[in-house]
Amino acid sequence: MMMMIQRRGGERQDSSAAAYNVVHKLPHGDSPYVRAKHVQLVEKDAEAAIELFWIAIKARDRVDSALKDMALLMKQQNRAEEAIDAIQSFRDLCSRQAQESLDNVLIDLYKKCGRIEEQVELLKQKLWMIYQGEAFNGKPTKTARSHGKKFQVTVEKETSRILGNLGWAYMQLMDYTAAEAVYRKAQLIEPDANKACNLCTCLIKQGKHDEARSILFRDVLMENKEGSGDPRLMARVQELLSELKPQEEEAAASVSVECEVGIDEIAVVEGLDEFVKEWRRPYRTRRLPIFEEILPLRDQLAC
């Protein structure tokens, strides 16, 4: 009888511990990584948690999660440069499946630190991985998580998202010609009101006011695209309308940085339609024919 009581008491204790972990979204166990998550989520001591994540990484305990969680926490603590160094130094310890997620964190860190050129290169690298069929482990969709909820991301949506980020980065570099080309292709894959506004900004910066006005009315004001009901978006639309004045298009070179679009940018904006079709075929090749044609021209056309 005593053994049964002890057993039931143990079950109640285990059940209580499990419920505690669920409430605080903690992993089970007592490893260095689990202790780091407890300090981060329960004790809310970010600096102590970062030290414990370091210990977990050095102990090879759940390195995939430990490195990513530590980098994100460092970003919150305004230690983004340290987070970049950590990912670059220890990502080789992580699994192949974790590399895509680490790239996403690294892109945000580059953006926060103003390292735009490195952000551009990594975004183009991610696009190239998609073209090669290396993203999503060769599948047309992947499962993502946001605010504790899981959802499916299609390769088209991911490609459009990356192109949008690449267009924004080109805008920060004042390369509005490349940004325009990237945003146009992103809009063909998955139309979005915010990207349409960014495209209008690129056109205005190049003096293409009539075309910008046309896109603004056609793709934002007259269409019910994703994001079109956002009050912040409508405020931005009003700003764009105030910039648009009836005048002839000016020469792009007089208002934009002079830089021909190189082969890497061509690889970004060409062949995406064929690429999307390839994902819908059951037996696609690893590389699209268009990229076989582009590769020999890389040295000749590089910016």
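Residue numbering: from 1, along the chain as shown.
Just so you know, glycine gets a Cβ as well, placed from its N, Cα and C.
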Look up coiled coil in Swiss-Prot and report which of 34-61, 62-89, 174-201 it refers to. 62-89
With the cut-off at Cβ under 8 Å and a gap of six or more residues from its ends, the chain residues touching the repeat 'TPR 1' (64-97) are 32-33, 36-37, 40, 46-47, 49-50, 53-54, 56-57, 105-106, 108-110, 112-113, 115, 137
